[in-house]
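Can you read through this structure? Questions will come right after.
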Amino acid sequence: MRSQWLKNRKNDKTPTQMYYAKNGIITEEMRYVAKIEQMDAEILRSEVARGKTIIPANINHTNLVPMGIGRSLKCKINSNIGSSSVSSGVEEEVEKLKISIKYGADTVMDLSTGGDLNEIRTQIIKNSTVPIGTVPIYQIIHDVGSIENLTISQMLKTIENQAIQGVSYFTIHAGFLLEFMPLVAKRKMGIVSRGGSLMATWMMKNHKENPFFTAFDEILEICAKYDVSLSLGDSLRPGCIYDASDAAQISELKILGDLARRAWTKNVQVMIEGPGHVPFNEIASNMQLERVLCDDAPFYVLGPLPTDIGAGYDHITSAIGGTMAAFSGASMLCYVTPKEHLGLPNAKDVREGIVAHKIAAHIADVALGKKGAIERDHAMSDARYNFDWNKQFELSLDPDRAKEYHDETLPQEVFKEAEFCSMCGPKFCAYKISREISKNSCEFYKECK
């Protein structure tokens, strides 16, 4: 779909969606996203121009279907996949990608740290119609062997190679400054971000400033060349509710706002990454603070998890916090799986995490009156009341699971037209009884049509 669009713009010096938007141009990607979001294309262009919405769409990811992330759009979901040094490979990660897309992930991040990282990423991008994000520091360390060997030249080389491959957004841990290290010492759990912990190690060993911060202008040049969006990473996100909203977290958030403004001057799209573990009563204020400090750049949050004791069920704790975050202004939720804090998720865990967070995002969209959200709920109500079982499966966020559960007790096709399920049976079904009452009332009063 994008090949012809990109061909028409191949000679443009700054091919970013933000550049076009600032110059009054509504790109094909903007028109597509506006149609999907049921909004005016000119309004969307203005949002992109002002940094309030991003359309992550690397010019080298030609089979990508455009999507947008921003507070005025429906809340989006990201799925994390990726190999580790002890588990998974190319086929497994492509399978996780396909599961992610099937169950509704709007973007997917490849967080691979083991195996042939370039081949894994190549196959993921090749098979993906959604934007792919990465955390470049993982490959940088993988390639140089240890954090001590990291150089800015190697860092920039890896970042550009990933941009050439077609990565649509980078998580860059540029907001964690050397001066924040004393704030970390006051925490119960220190640094829980992998990228953040690596940056801390490098800064302490070299007694120098964060290299991502130092080379930020060069990173922006690469991003502008390929239209790679930046996801400014929260290295100091709280890893437990005790550390939530502390000086370390807020100090970094202020720097992320400064970096976002620098990126906008170079026509690079930006979203801000957020917490983390946050008590439920602090989630809304965290969302509002980001809007103030980061000029309403899209907020991309991990959870937040409002409790620390949900091990094995953290997709639920995260979805609870994510609902409040989305309602309070978050633009995208990073899913959490049941394996969070316990191990590398498999395809089944990916499915569970995505659906839980699709539910959270949808609840917020309905509450906020986002266009096209509540209509699906109304259609489901009609299907339920009319015993249209196949329609109910189709409208569910996880159609396969809905059908599986129904068919556990009533698998025969004849029961797809039955006016009851196995919960109440034919005599005690409230819907059926209610329909009869309604029918009889209409006949008695002769007022119904």
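Cβ coordinates come from backbone N, Cα and C, glycine included.
The following feature annotations were taken from Swiss-Prot:
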- Asn80, Met109, Tyr138, His173, Ser193, Arg194, Gly195, Asp234, Ser235, Leu236, Arg237, Glu273, Tyr300: substrate binding site (BINDING)
- His277, His341: Zn(2+) binding site (BINDING)
- Cys421, Cys424, Cys429: [4Fe-4S] cluster binding site (BINDING)
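Please situate the listed features within the shown structure.
The Cβ neighbour count for Tyr300 (substrate binding site), using a 10 Å radius over every protein chain in view, is 27. DSSP classifies Tyr300 (substrate binding site) as strand under the three-state reduction.
Counting every protein chain shown, the Cβ of His277 (Zn(2+) binding site) has 24 other Cβ atoms within 10 Å.
All protein chains considered, the CB of Cys429 ([4Fe-4S] cluster binding site) has 17 other CB atoms within 10 Å.
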What's the CA-CA gap between Cys424 ([4Fe-4S] cluster binding site) and Tyr300 (substrate binding site) in angstrom, rounded?
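Cα-Cα, rounded: 42 Å.
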Near the Cβ of Ser235 (substrate binding site), how many other Cβ atoms are there if near means within 10 Å?
30
Between the Cα atoms of Asn80 (substrate binding site) and Cys429 ([4Fe-4S] cluster binding site), find the distance and write it as a whole number of Å.
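Answer for this pair: 41 Å between alpha carbons.
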Measure from the Cα of Cys429 ([4Fe-4S] cluster binding site) to the Cα of every one of the binding-site residues Tyr138, Ser193, Gly195, Ser235, then give the nearest.
Ser193
Give the number of CB atoms, excluding that of Asn80 (substrate binding site) itself, located within 10 Å of its CB.
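Asn80 (substrate binding site) is surrounded by 23 other Cβ atoms within 10 Å.
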